[in-house]
Amino acid sequence: MFKFNDEKGQLKCSFCGKTQDQVRKLVAGPGVYICDECIELCNEIIEEELGISEFVDFGEVPKPQEIRHILSDYVIGQERAKKALAVAVYNHYKRINSNETKEEEVELSKSNICLIGPTGSGKTLLAQTLARILNVPFAIADATSLTEAGYVGEDVENILLKLIQSADYDVEKAEKGIIYIDEIDKVARKSENPSITRDVSGEGVQQALLKILEGTVASVPPQGGRKHPHQELIQIDTGNILFIVGGAFDGIEQIVKNRMGEKVIGFGTDNAKLKEDETYLSRVVPEDLLKFGLIPEFIGRLPVIATLEQLDEAALVSILTEPKNALVKQYKRMLELDDVELEFEPTALIEIAKEAIERKTGARGLRSIIEQIMLEVMFEIPSRDDITKCIITEKAARGEEEPQLQLEDGSIIPIKTSA
């Protein structure tokens with residue numbers, strides 16, 4: 001049986017064994033003690049088990065400023081996009097509340113959103129964070145895997161199935177969820193003229209998405225459809241589902257320039273060109289999306305267009321360190337669990353950001369770069385009890401030397417000579 005106190009007579013948590021001096025709070029029960037850390041862990045386990053249990057009270061939707069503030073805890077920069085999303089989401093759920101509480105003479109339409117920005121600029125993260133703020137079911141789909149009904153590939157209805165599964169098959173909750181469709185630019189028509197032949201992965205997908213974006217009662221096969229043709233279908237009304245579509249839309253800047261009648265100057269620094277492209281990107285209008293290859297009906301169902309900027313070196317360094325779920329904080333915590341302190345030199349973070357820019361992966365590529373740097377460290381440290389600190393230097397970030405380990409006696413050695 002677990003002892004409730006140690007040799008010095010200090011009370012201990014009955015679950016983890018920590019003394020009252022090692023925790024903030026020790027709660028007493030009949031013959032048992034539990035610390036605040038174990039309480040928090042239990043809460044997390046219960047939340048995971050229950051999944052989505054309580055959803056937003058649509059009468060108390062956070063105001064746009066509150067939404068933007070919470071988004072800023074997780075997403076660095078992109079202020080224009082955060083404002084546009086905050087307003088669109090607030091209006092969307094205000095509309096739902098208005099429709100549910102009383103009969104309206106004026107019918108309020110849906111404000112589906114189109115996010116335009118380079119790879120790794122934060123489109124998916126913004127959509128995920130919005131769903132987390134509102135505590136609503138959330139699903140992600142890749143437009144490139146979709147085909148219209150009757151062709152090999154994923155049916156549009158499968159997107160709705162993912163949302164229903166996210167809501168633990170509670171259709172009523174799923175009907176107020178958020179769906180993010182990525183790579184929507186990849187299903188653009190290849191030219192402005194309608195295709196003579198069937199376009200299975202392009203215009204056909206846009207046509208298939210039209211009804212669910214606008215609002216319809218869709219029949220969704222609970223097991224995914226084609227492999228189980230005789231299953232009972234789930235009916236779901238998509239009228240109150242918020243759809244966010246996103247894509248890089250490579251080359252749309254040129255379309256904007258042509259529309260504005262401005263000539264492209266063939267010289268200048270990469271930095272200047274980047275700033276110029278961002279300026280044009282912020283001026284995208286529905287006409288440009290039409291030229292790019294989206295069909296008019298599809299564009300009409302995306303009234304809100306928000307653009308994201310290419311992340312520069314400073315923004316990527318901030319992403320590494322500042323958000324609540326920043327990668328540097330995560331890796332520090334992982335090593336902390338092995339009683340080892342992790343330090344990234346400021347110049348090392350700059351090198352990591354430069355590498356992400358070089359790879360053209362944006363924030364999305366940061367984790368794989370750090371994983372590569374940290375591989376030997378995370379392999380070595382769990383088997384050693386004489387290491388107190390790990391230092392990632394600028395050269396280590398560039399791959400020119402190994403990360404440095406500080407031992408208990410204060411000496412610092414490269415990781416490969418530590419075995």
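The count begins at 1 with the first shown residue.
Each Cβ is built from the backbone N, Cα and C atoms, and glycine gets one as well.
Since this is a predicted model, take the numbers as computed values, not measurements.
Here's what Swiss-Prot has on this protein:
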- C13, C16, C35, C38: Zn(2+) binding site (BINDING)
- P118, T119, G120, S121, G122, K123, T124, L125: ATP binding site (BINDING)
- 1-54: domain 'ClpX-type ZB' (DOMAIN)
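Taking Cα separation as the measure, C38 (Zn(2+) binding site) is nearest to T124 of the binding-site residues P118, S121, T124. Here the binding-site residues are T119, S121, T124, and the one ringed by the most other CB atoms within 10 angstroms is S121. For the domain 'ClpX-type ZB' (1-54), the model gives a mean pLDDT of 75. Closest in space to C16 (Zn(2+) binding site), of the binding-site residues given as P118, G120, K123, T124, L125, is L125, taking the CA atom of each residue. Within 10 Å of the C-beta of K123 (ATP binding site) there are 27 other C-beta atoms, taking all protein chains into account. The Cβ of C35 (Zn(2+) binding site) has C13, F15, C16, K18, V23, R24, K25, L26, V27 as same-chain neighbours under 8 Å, each 6 or more residues away in sequence. Neighbours of the ATP site: apart from P118, T119, G120, S121, G122, K123, T124, L125, residues of the same chain with C-beta atoms within 8 angstroms of the site's C-beta centroid are G117, G246, L308, G362, A363, R364.
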